[in-house]
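Pulled from TrEMBL:
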type   : residues : note
DOMAIN : 63-90    : domain 'C2H2-type'
DOMAIN : 91-118   : domain 'C2H2-type'
DOMAIN : 119-146  : domain 'C2H2-type'
DOMAIN : 147-174  : domain 'C2H2-type'
DOMAIN : 175-202  : domain 'C2H2-type'
DOMAIN : 203-230  : domain 'C2H2-type'
DOMAIN : 231-258  : domain 'C2H2-type'
DOMAIN : 259-286  : domain 'C2H2-type'
DOMAIN : 287-314  : domain 'C2H2-type'
DOMAIN : 315-342  : domain 'C2H2-type'
DOMAIN : 343-370  : domain 'C2H2-type'
Amino acid sequence: MDPHHTGKPIHPNGEEQNCNINYDVVERTIQIVHKDEVGSIKPLAKLRPHQKVKHIIPKTNSYQCNQCENCFANKACLVQHKRTNSLKKSYQCDHCGKYLAHKSSLIEHTRIHTGEKPYKCSHCDKSFAQAGPRSHHQRTHTENKLYHCRHCDKEFDNKSDVVKHHKTHIGEKLYKCSHCDKSFYRNHYLKVHERIHTGDKPYQCVHCEKLFADKGHLVLHQKTHTGEQSYQRDHCGKGFIQRCHLIEHNRTHTGEKPYQCSYCDRTFSQKGHLVQHHRTHTGEKPYKCSLCNKSFATKSVLENHQRIHTGEKAYQCSQCDKSFYMKYHLVQHQKTHTGENSYQCSHCDKAFQRKDSLARHMILHTKERPLVNE
């Protein structure tokens, strides 16, 4: 058969099948040969109308796995996905009972329990359980960013991160949440998001009883038990579990505030702080209490509110037996033990433990009552 043949093959039952054209190859070569069009090599401009008539162009992510909900752009990716899922997991962990497909995977998994870290950084005294995280960490010393986004000036340490980032530029958000208006580039992100609505937290920490909706959050949490801090600042010695936290911390030294509010002139060092600030302008309160009709602008305020329903007082004083719903109330209470007066009057020598106490005192000097937020 002609190696350039891309015409319709004949199925054993005598029916014609649709042509499976590799359009990436077409874009690169600008020409294609069809066996049933002998002697003609059509330029791409003339070929496009022909394709629309004679061929069915496959849609993006049109190959779906019949064992899960994942979709793939081509058949080869689907086959590889099925092959990975079909591997018999015959290696069992003695510590937790988990099964793994390869002996090497079992060895790496066992290090979670044993704490063994055979891969040492050549620049500092840190060590890691796997070679991949070691390589990732070593780039924090050399600042060698291997992968660059072709759409903007962002740089990444590994290929998977830049691939995910590319989709924010060119990808259509095909996966829509059935509970709210949000949509996502990948089915995985949708599944993780929907757990906010369902409350499902399938990932449990092996060191404590905490549950997580996302595996990535579990991995980061487990580092709080092991003490692993992959990213360290040279100047002050502070260490961080995530690189993004190191970058944010660096801004406390440099004073950089790259995130500016589109409604006012305020700027912020962290994107999360900007998002929360935006809600003071828009009035958005996306975090809803499942026990009453109240909603809140931030997750932490929702969690504090829910303790009113459950009666949980998570913040306990280390010097007496009092406990509080909110950390702020604990901090204010602890000042009664230490005698700390953080709020100083600018008109006299008096100082107060609470900001509202100072505001009431200031009336004596200014004869003006402080504004009260309604």
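Any Cβ shown, glycine's included, is placed from N, Cα and C.
Since we're looking at a predicted model, the values are computed, not measured.
Residues of the domain 'C2H2-type' (343-370) grouped by DSSP class, helix first, strand second and coil last, total 12 helix, 4 strand, 12 coil. Contacts between the domain 'C2H2-type' (203-230) and the domain 'C2H2-type' (91-118): present, as 3 or more C-beta pairs lie under 8 angstroms, all at sequence separation of six or more. Secondary structure by DSSP for the domain 'C2H2-type' (147-174): 12 helix, 4 strand, 12 coil. Within the same chain, residues 199, 276, 279-280, 323-326 sit at least 6 positions outside the domain 'C2H2-type' (287-314) and bring their C-beta atoms closer than 8 Å to a C-beta of that stretch. Secondary structure of the domain 'C2H2-type' (175-202) per DSSP, as helix, strand and coil residue counts: 12 helix, 4 strand, 12 coil.
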